[in-house]
Amino acid sequence: MALSHSLGFPRIGRDRELKKALEAHWKGELDEAGLRAVGQRLRAEHWQLQKDAGIDLLPVGDFAWYDQVLAHSLAFDVIPERFRPAAGKPTLDTLFAMARGAVANKSGGSCCGGAHAQEMTKWFDTNYHYLVPEFSADQQFALSWEQLFEEVAEAHALGHSVKPVLIGPLTYLWLGKEKGSDFDRLDLLERLLPVYGEIFQRLAAQGVEWVQIDEPILVLDLPQAWKNAFERAYNLIQREPCKKLIATYFGGLEDNLGLAANLPVDGLHIDLVRAPEQYPTILDRLPAYKVLSLGMVNGRNVWRCDLEKVLELLRHAHERLGERLWVAPSCSLLHSPVDLEREDQLDAELKSWLAFAVQKCQEVALLGRALEAPDDASVQAALEQSRVVRAARAASTRIHKPEVQARLAAIRPRHAQRQSPFAERIAQQRECLQLPLLPTTTIGSFPQTSAIRLARQSFKQGKLSAAEYTEAMHAEIRHAVEVQENLGLDVLVHGEAERNDMVEYFAEQLDGYAFTRFGWVQSYGSRCVKPAVIVGDLGRPQAMTVEWIKYAQGLTDKPMKGMLTGPVTMLMWSFPREDVSREVQARQLALAIRDEVVDLEAAGIRIIQIDEAAFREGLPLRQAAWQGYLDWATEAFRLAASGVRDETQIHTHMCYSEFNDVIESIAAMDADVITIETSRSDMELLEAFERFAYPNEIGPGVYDIHSPRVPDSAEMAGLLRKAARRIPLERLWVNPDCGLKTRAWPETEAALVNMVAAARQLRAELA
């Protein structure tokens, strides 16, 4: 039979139980025993959900308290000295300190002396974030975290057939960074492999037959030294007990296909959603003894699978492989919401088009059954339902809109170009804005308090009238403006109290989007996002932000930034359509945002920020495909931004990003000011400016908003001095790394006091 399995399952829970438990624990409202009980209950529920869906081999080790890469760092004892316990093995407090920075806890204790958090960055080209391992030249590895073995025991006690999931040694090293002296982290491989050996020995002793080893870097452009290291590593790993399935996903193997096919392991998983073209070659080149796991159901989207189309390929594979064929989602279902059945308010038509993690498991299991029992009545009924749904979706009037198509067809190159070059624009902007040297600002959002969330919820439930809700939001805006005035910030924001999410807020006001109530996915730690779903052609029926920003500007003589989310980020942080290209969807969004930008300018707003936090996230994993993406992504931004006069200043913001290799394309966006995340990486991003003279203004973030830790002004001033060595003072801005939505007011004000003080200190020093 064709075995069905899952590469991983969402860990947050159908109702975000893990998020709530983590935050209660961090506030001192839930002790460690209570937190662990929630985790154990969720794991049991998730295994049962997958088993009930028909999955034969369940993943174990996909659960993590914060992040799976961080869990591996603890397992391997890769703990930076600033977090290392004085005695004994690491604890959950150690893990959370590494993730969030070390702060005093609510019960009065503290960990790690106020150490700053580890760097966080995007997991390949997804919107999930992982904690970057920090390696030292004298790095030693030791098995120091028992979580995987405890969870295998839990699953076995519940009677499940399990497949532990490990991040492979090459991918783990690739994801990390060297700290301190000059060395190559690949040289650490031989020290790391014995720990993997110990893990396999322990798992074999627990009765484990198969282990999934995730090596997604096999879909990247790998240096030859890393390719050689794969052969070296797996020649050693093959000696260890347990059968081993190498899992690749997020792209095609391409030039690494021969390497992956011939590694001395027992099976290989490939992603045929992202890279269907690799199927014939891998089928021909896979050794006759190996299992081939085909990722046929999209683990990163919410659309139902085209069962008939997928089954056609699987039948061919089944004829060739027989019992060596396994069926799976394309990747871990971490990137999918948990269960569509929780959605009790979606219209029936849209709901029939969707599938979340539970339903994707059902699809995987159905495909396996269809190979073994094609005439089974339940299989035939499911295939017929799939046909009906796809036909209905293709014919639906909510998808195609002639007026949007007409606007797209009318786009010309001049529509994506400002009136004058930056040098001319900036002179007019400086005359208009009259800002000091090193102007201070924030990225946009201020803390979303419980009062704000309650007001929004009450308004949605009809408990507050529109007028009452507007006044509640006006009060929040007044507070935000007053705080900023008192702090002495130079360019203000209205705080975004009225916005539930930087994408969903706009998506709710655009035609072509749909929304779920429980479509949450994990972004990092306890942070969950609920991506909107792009269903059809996109357009803006009316202004979205103008009245809020006008109100805020009326409260101050200082410039008030209009705050918008850019077309690429709107696309990347939504679940996109599958029937048209990302480029087309980005252009539709750009036209909608362009209309809003023009309306803000007409309302007297002199600075408009178009956030492109996800710009680099959209970059293809293979460099050969970069330029095509960068061309349409930069054009979409310019299309959104270029409808204004020269004296209107366009800002953009990008976060969690390594831009050294795409700095020219960022310059091609031609934003007047760009603010970027740099503090966690100690201004490492600014190395790009040593070889590329970035022409416009830039605000490198001077403190990390993802941690509750408040850095002092001296620390921020130190980062500014580093920045000033690479960026001319007259083009340097001072700002946090990102928006302040997830922080509390006391730490927000404390950090901004220090930030303004640092800017004033640098003005005095360097002016």
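In case you wondered, yes, glycine gets a Cβ from its N, Cα and C as well.
From the candidate list Trp47, Trp145, Trp548, Trp573, the residue Swiss-Prot records in the 5-methyltetrahydropteroyltri-L-glutamate site shared with Arg16, Glu17, Leu18, Lys19, Lys122, Arg527, Cys528, Glu617 is Trp573. Going through Asp339, Asp599, Asp611 against Swiss-Prot, the one listed in the L-methionine site together with Ile443, Gly444, Ser445, Glu496 turns out to be Asp611. Within the same chain, the residues at least 6 positions away from Cys528 (5-methyltetrahydropteroyltri-L-glutamate binding site) whose Cβ sits under 8 Å from its Cβ are Ile12, Arg16, Lys19, Trp520, Val521, Gln522, listed in sequence order. Residues Ile443, Gly444, Ser445, Glu496, Asp611, recorded as binding L-methionine, reach a greatest CA to CA spacing of 13 Å. Within 10 Å of Ile443 (L-methionine binding site), counting C-alpha to C-alpha distances, fall the following of the recorded positions Leu18, Lys122, Glu617, His653, His706, Cys738: His653, Cys738. Set side by side, the recorded positions Arg16, Lys122, His653, His706 differ in how many other CB atoms lie within 10 angstroms of their CB, and the most is found at His653. Gly444 (L-methionine binding site) and Cys738 (Zn(2+) binding site) have their C-alpha atoms 8 Å apart, to the nearest angstrom. In this structure the C-alpha atoms belonging to Cys738 (Zn(2+) binding site) and His706 (active site, proton donor) are separated by 8 Å. If you take the Cα of Cys655 (Zn(2+) binding site) and the Cα of Asp611 (L-methionine binding site), they are about 9 angstrom apart, rounded to a whole number. Candidates Leu18, Lys122, Ser445, Asp611, Glu617, His706 (recorded positions) were compared with His653 (Zn(2+) binding site); those inside 10 Å Cα-Cα are Asp611. Comparing CA positions across the binding-site residues Leu18, Lys122, Glu617, Glu677, the one lying closest to Ser445 (L-methionine binding site) turns out to be Glu677. Apart from the site residues Ile443, Gly444, Ser445, Glu496, Asp611, the chain places the Cβ of Thr442, Val493, Met502, Met563, Gln609, His653, Cys738, Gly739, Leu740, Lys741 no farther than 8 Å from the centroid of the site's Cβ atoms, the recorded L-homocysteine location.
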